[in-house]
Ligand code: F6P
């Protein structure tokens, strides 16, 4: 046997090459073949691809997978060491190798009184202590015992942070505080560095009763520092007290850098700390969630953590064959790496989840949007797809046309909520119930049409309806029984562990983000230039940026 024949044989036995060969076969078939409802095997296939976990139901049956695909994918996961690496993650090993840190966000939701895995004990204890401090602060605010600089009780919280210090809390606030009258205090999120979100708040909030939460893991992010500076100037001016006094009464800090909080002027009693072994995009469970707790109360915040913890236990204990995060990771990797689908849409069919795609964009793309492996070598295949999306019902009237009849194939997660508990007069409740049904019907219809295309047209209507629906967009449907704190906690932890499993499959470090640094450095020197510090000029390297700078300067005169 010559060398190339030998290497062909060797390739034929790797799980990856088997998956490539299998993908070639399966891709030749329309997705509707797998979903042919007349056959008993199609029924059996569909039921074997649907999983219920508590109030969460995940249906992979519109994915381009067969039981054989799953078997090959699971073999691949085992060959990559998903199981020992999962154990290492929970045991607090330094899985974030570039920064020499563990990744123990699960410790932040480990319940008091339940034994954590060996290696997580100290981390879980530290998180529980901080949670107790957070609960104290929350109850002081709720009982009207937190007084601002002029002696009035707090009514509103302005949460200032960006990225992981903003997206998670904002998502949960929007998802669970749909009835503002149920909120204990008003919570407002400020992230954009331009001050545009602060301006309207400064106009309508009462400065005497507003508490600022400065949320920044590093405590150095310029976006947040500039926003807080403006907010402090507003409170100082409006209340006629100096900035240190505002900080003493109306500023809470959340960070992994207590010394920086102290230097800034955040009083020790108003500091909440999380450690550097919780990544920013995994930090909603840590004191970064303080504003959510202020808004909804500790009971809801604890339920959020309980849902996430239940998913941790499932991820840790369930065999890969029925392990939801592992299956979701494998299906996702199958779509982008083997079926060559470069983008993945997140389509929530519930307006309360309008920030879900933004949250998942950071979680997935900042984690696995990388092309150099843990071994320092370039990865020779697709990794994380581009995550995008919007609220499904609105997107139907915007970009679905391209998905149905354009030229691109996407994969998608539809997310729907089965029922909503509404406390309203009978007629209003009935009207809202009809809206709920309408939304669910649209979600199911679109998921079907994504997969089947023209084959979704009922036989009686064929020939009477426009055709040319491409279909063949593999998609999953994630159904929440209700949008409770528990179910959204479990949902987000499901995605977190999905990201981890994919990082193992692709041999990436999902816990660092070196690719965001250079942009920050370039912006710093351009900022200096705009601020009139001529020395920075030498850093402007290209004529395009030079001419834009000239135009900006001309218009800012
Ligand atoms: O710019 C990326 C990033 O570092 C994210 O990873 C992080 O969530 C965000 O900035 C905010 O960082 P910090 O919480 O340190 O202000």
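Glycine is treated like the rest: Cβ placed from N, Cα and C.
TrEMBL labels come from automatic prediction, so no person has curated them.
Small disclaimer: the values here were computed from a predicted structure and weren't measured.
According to TrEMBL, the protein carries these features:
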ACT_SITE  366  active site, proton donor
ACT_SITE  397  active site
ACT_SITE  520  active site
Neighbour count (Cβ, 10 Å) for residue 397 (active site): 8
Pairwise Cα distance for residue 520 (active site)/residue 397 (active site) [Å, integer]: 37
Rounded to the nearest Å - Cα separation of residue 397 (active site) and the residue listed as 'active site, proton donor': 29
Active-site residues compared (366, 520) - the one with the fewest other Cβ atoms within 10 Å: 520
